[in-house]
Amino acid sequence: MNTQSQTIVVKLGTSVLTGGTLKLDRAHMVELVRQCVQLKKAGHQVIVVTSGAIAAGREHLNYPELPKTMANKQLLAAVGQSCLIQAWQSLFGIYGVDVGQMLLTRADLDDRERYLNARDMLQALLKNNIVPIVNENDAVATNEIKVGDNDNLSALVGILAGADKLLLLTDQSGLFTADPRKDPKAELIKEVHTIDETLRKIAGGSGTTLGTGGMATKLQAADVARRAGIEVIIAAGSAENVITDVVNSKPQGTKFLPVECALESRKRWILAGPPSKGSIVIDEGAVNAVQQKGSSLLSKGITEVSGHFVRGGVAKIVNTKGELIARGISRYSSDDLSKILGKHSQDIYAVLGYEYGPVAIHRDDLVLI
């Protein structure tokens, strides 16, 4: 066992928890718990991001069909979440380990203060030797405040926790060169250094019957987590000792290597926190200044602004081809930027009648993608 203490986020998809059936596979769940407890005994910290609330609710109520409406999904999630946490509490209790439930929505991560509060709560659970059991609060979350899937939620939890590893367990053995269910020649991709369009096309977008995540969402999660300095592994939840093997650096699934320079706390929030409300198009000179020189974004380099965001809102920064360059917190609203785009910094006051400084987005508030 690796003796260096690590923080590991283990994301368990619905297909892993149900074994492809319509109810929780508690026999397999206890085996996953055993491995998590083994890591804890070795000095590691473990966080479980669990799916399965709707499946658990459907099982408990003997619900006759798959839920189609938001109301029915939330009803099943409300009933199922209590069943799910009871199952985890019972299984970890076999080994004398306490668990604590955290239910999150996008809104908890969008607001900086709530983000920090969630981070503090997560750290408090870990410091008190309690295993956090995290899920999205599906019973109350609307489309506007949903993270959307537990793959991306697990990446955000990894950022909150300052995790070393994120393990995405699924019903597939990792990322393949093609869909292994359709192409017998598909080969497992064992290691990924860069996530590009080729990989995104390979990942596709299929999910499972009761789940919301497919390989495409796992790739999104891996991209976010690795930019925050977290190693990500996609592996089969049914593989023997998959959790303990990954921590011991034994080959399992597909490994995504983290970027060399991990982001500081505030920039991690920019990456993980609020969704972008608009886009800022910048010219070639500004792209070079931001990417190569690490400069702040000036209004002079902006050619177009779309969407609507307020001062302090997060915006996407793209080049003239529409390619994503960065995300950043704007010091001016979208309306203001539309008026001062292409203008020199010294002209901002003359145009607006006020100013919030010479830069549109300061380099400390900007994360390269």
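Note: Cβ is positioned from N, Cα and C throughout, glycine not excepted.
Taken from Swiss-Prot, the feature ATP binding site applies to K11, T170, D171, T212, G213, G214, M215, A216, T217, K218. Annotation source Swiss-Prot lists substrate binding site at S51, D138, N150. Marked as domain 'PUA' by Swiss-Prot: 277-355.
The substrate site in the record is lined by S51, D138, N150, and its two most distant CA atoms lie 11 Å apart. Between the C-alpha atoms of S51 (substrate binding site) and K11 (ATP binding site), the distance comes to 8 Å.
One residue stands out among the binding-site residues D138, D171 for having the most other Cβ atoms within 10 Å of its Cβ: D138.
Across the structure, K11 (ATP binding site) and N150 (substrate binding site) place their CA atoms 7 angstrom apart. Its own atom aside, the Cβ of M215 (ATP binding site) has 25 Cβ atoms within 10 angstroms in the protein chains shown. Helix, strand and coil content of the domain 'PUA' (277-355), in residues and according to DSSP, is 26 helix, 23 strand, 30 coil. The Cβ of S51 (substrate binding site) has 29 neighbouring Cβ atoms from other residues within 10 Å, across all protein chains displayed. Take the Cα of D138 (substrate binding site) and measure to each of the binding-site residues D171, M215, T217: the nearest one is T217. Between the CA atoms of M215 (ATP binding site) and N150 (substrate binding site) there is a gap of 12 Å.
Model confidence over the domain 'PUA' (277-355) stands at 93, taken as the mean pLDDT rounded to a whole number. Counting other Cβ atoms within 10 Å of each Cβ, the lowest count among the binding-site residues K11, N150, T217 belongs to T217. D171 (ATP binding site) sits 15 Å from N150 (substrate binding site), counting Cα to Cα.
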